[in-house]
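As annotated by Swiss-Prot, domain 'ABC transporter' applies to 36-257, with the evidence given as sequence analysis. The ATP binding site annotation in Swiss-Prot covers Gly68, Arg69, Ser70, Gly71, Cys72, Gly73, Lys74, Ser75 and is backed by sequence analysis.
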Amino acid sequence: MQSNPVEQAALAYAGTRLKQTDAPLSAETQPGGVALHVQQVIKRYDGREVLHRIELTAAPGEFVAIVGRSGCGKSTLLRLVAGLECADEGAITLDAQPARTLQQDIRVMFQDSRLLPWKRVLENVALGLPRERREEAAAVLAQVGLRDRADAWPARLSGGQRQRVALARSLVHHPRLLLLDEPLGALDALTRIEMQGLIESLWRRLGFTALLVTHDVSEAVALADRIVLIEDGHIAMDERVALPRPRQHGSAAFAQIEERVLRRVMQHTPDAEGVSQSEQEATADWSLVRTVESVRFAV
């Protein structure tokens, strides 16, 4: 798999935009990443077990991507870690403490930016901050390349700009764990790759732990230290991505990891036997990159 011209152009553009942003956030001012441990977690809905004895760890500052087919339990796991729902069995800890006691260290970024339409961009970023930290919100907005949009209304922003504001709103609280629930799924190809570069740059600079849920295997390879595959509520694969950063989408090593993960996903495709390779690849493309869907839970 070689990088196409659209990807190449997007990567070049992303690099240019990143060089233009300010850098008010730094590792020196951040608390650092948190150690995540999901221990034997079970989650049921209406008697049906969605997650079965999940064991997952993330070291402080590690970037872990979770992939899998629709309905496998990816977003459910993220909601449990975020504290939006409770596990039926098992435990989730951050730095060996119950996750519920460290909720102030967790922030979630969704596919829907969830900006308040009646507040301007800077006011959205500053939500929940004391008045004396308003300048900090402006600095973080500059960090994501939107200094000149501080007084704009959300309705005037593009999809990519709205997600940049959502990212700034998360980072202004200095999270030690950033949870990303398909935050780029509704963006066009150029904007998606640009946002990947921005997220990676800020993660490397600030050192927070990141957990990304995505249907896009290429995105997982581009961003993650490890790729975890969930199948039928179980962890079926845990692949380390041993590639130098920033990742080169068109490299042979990148393509090999991407293909290996896709093949592993396709092994579990319903009725895969007897289906041609081209049909399987088409099914994988459809199932691993989804369009916008409604958000079913509140922050």
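Keep in mind that glycine also has a Cβ here, set from the backbone N, Cα and C atoms.
Of all the binding-site residues given, namely Arg69, Lys74, the one with the smallest number of surrounding CB atoms inside 10 A is Arg69. Averaged across the domain 'ABC transporter' (36-257), pLDDT in this predicted model comes to 94. Comparing the binding-site residues Ser70, Ser75 by how many other C-beta atoms lie within 10 angstroms of each C-beta, the top residue is Ser75. Each of Thr76, Ile230 belongs to the same chain as Gly68, Arg69, Ser70, Gly71, Cys72, Gly73, Lys74, Ser75, is absent from that list, and has a C-beta within 8 angstroms of the C-beta centroid marking the ATP site.
Within 10 Å of its Cβ, the residue among the binding-site residues Gly68, Gly71, Gly73 with the fewest other Cβ atoms is Gly71.
When other Cβ atoms within 10 Å of the Cβ of Cys72 (ATP binding site) are tallied across all protein chains shown, the result is 22.
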